[in-house]
Amino acid sequence: MAVWSQDSQVYEAEIEEIDRENGTAAITFIEYGNAEVIPLQNLKAVEEGKRSEEDGAKSKSRKEQIAEQREYKKKKAQKKVQRMKELEQEREEQKSKWQQFNNKAYSKNKKGQVKRSIFASPESVNGKVGVGTCGIADKPMTQYNDTSKYNVRHLMPQ
């Protein structure tokens, strides 16, 4: 184990060379691949229990670790694609449910009639768009009776 000069934390390292005259050692940190020359007092012995645990986990070569990462990323991407397909399928089901509901609601009330928008263009030149039934199937505009002759004030409570 060796102390890294950047953060003063202890990491597992491999000793490349020891210079006894200067009291330093050239080391390479195993997990990160950083090389450094450090004083011998910054080297620590690896605890046996910790070493045996790490040997099981760290015994894989760099190529094996990269292959594992690729497999993990591939599985993760497949899961993401599958989830997106499920979401899209759910959206389509909701859309079709709404369309079925809308068609059912219209067909109950108006069997045999074609659904027309009130904003559809009228067939005749004189038709108006968007005013009730005006202009649809050449129906005349709605006639309103003149109510000015009725005096309703006497009917209202005072």
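Glycine residues also receive a Cβ, built from the backbone N, Cα and C atoms like all the rest.
Look at TrEMBL and you will find 1-53 tagged as domain 'Tudor'. The compositional bias 'Basic and acidic residues' annotation in TrEMBL covers 45-71, 83-96. Taken from TrEMBL, the feature region 'Disordered' covers 45-119. Feature annotation from TrEMBL assigns compositional bias 'Basic residues' to 72-82. Annotation source TrEMBL lists compositional bias 'Polar residues' at 97-106.
Remark: secondary structure over the compositional bias 'Basic and acidic residues' (83-96) totals 14 helix, 0 strand, 0 coil, with classes taken from DSSP. Confidence in the domain 'Tudor' (1-53), given as mean pLDDT, stands at 81. Per-class residue totals from DSSP over the domain 'Tudor' (1-53), listed helix then strand then coil: 9 helix, 23 strand, 21 coil. Helix, strand and coil counts from DSSP across the compositional bias 'Basic residues' (72-82) read 11 helix, 0 strand, 0 coil.
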